[in-house]
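Visitor: Take a look at the following structure, please.
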Amino acid sequence: MAAGGVASSWRRKKMTITIEQPQLDAVTERKVPAGDDPSELVLDGGFVVPDANAFGNTFRDYEAQSERKKTVEEFYRVNHISQTHEFVARMRADYGRLDKTEMGIWDCIELLNEFIDDSDPDLDMPQIEHLLQTAEAIRKDYPDEDWLHLTGLIHDLGKVLLHPSFGELPQWAVVGDTFPVGCAYDECNVHFKYFKENPDYHNPKFNTKFGVYSEGCGLDKVLMSWGHDDYMYLVAKENKTTLPSAGLFIIRYHSFYPLHKYGAYMHLMNDEDKENLKWLHVFNKYDLYSKSNVRIDVEKVKPYYMSLIDKYFPEKLRW
């Protein structure tokens, strides 16, 4: 189906999609002190994490709405039971064909602009607001890293998996924390107890520390639970983006909280992963804390981001 057909179909049936997110504490800032090497990455670009969100509440405070706690827990119960190694391999094979439609990056952004993330306690604006707020906050602190600006803009585009034209996947197969499949589940995973109902939990092939992997094999060799992160990573990679490896790393692992919040699964990382993880730590605070009621003038900034899209992506992408 052509992009125009997807867009018009979406607008004819406008809907609000609820995206459940994990109940997590605020992410701890991680900074690498600057040394003598001028190329060493310093993880503090000057962005100040605000004390409160757009509503005056603590960021990611899911305790404020007790009904949401039950919904989130049910989301993770189904997610943890269903995200098996076999399921992920099948979804990657299916969606990796990229045969759903053809459209440009901005076309996809406009599709996401049709809904609001009702589970987000920090913002009640369309997705394009979050994408642009993330990108513009990064742009202010890292003006010379245009690839990072664009990464901020596109990191959540894989949520089009929720759209009817992409199979209208259930939320447990699109959003939420991600984690490796094919090896033991780390106990730092949110609502870890529900993994015990996953068939892989009891399979000796998959329930050891390394499972089907080996020490230092590299995260590119690891199957991650299926969702918008991995899908957008496949879209970008298979459409021959010229984003640096750190950009692709951010796209694929920005929901991998067990790694970038708790330091779990590092035994699977190689040296390139460890370097790219520094950039993911940079990105994460902008992703979480740039949300506000300050509206971005889309038409004003669109030419800049279109220039970056043209620089790093083809005009039309296979999805």
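Cβ from N, Cα, C; glycine included.
Take a look at what TrEMBL says about it:
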type: BINDING; residues: R60, D117, D118, S119, K159, G176, D177, H254, S255; note: substrate binding site
type: BINDING; residues: H130, H155, D156, H228, H254, D287; note: Fe cation binding site
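Structural setting of the listed features?
Guide: For H155 (Fe cation binding site), other Cβ atoms within 10 Å of its Cβ number 25.
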Visitor: Return the member of H130, H228, H254, D287 nearest to K159 (substrate binding site) in space, with distance defined Cα to Cα and candidates limited to these binding-site residues.
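Guide: When the Cα distances are compared, H228 comes out closest.
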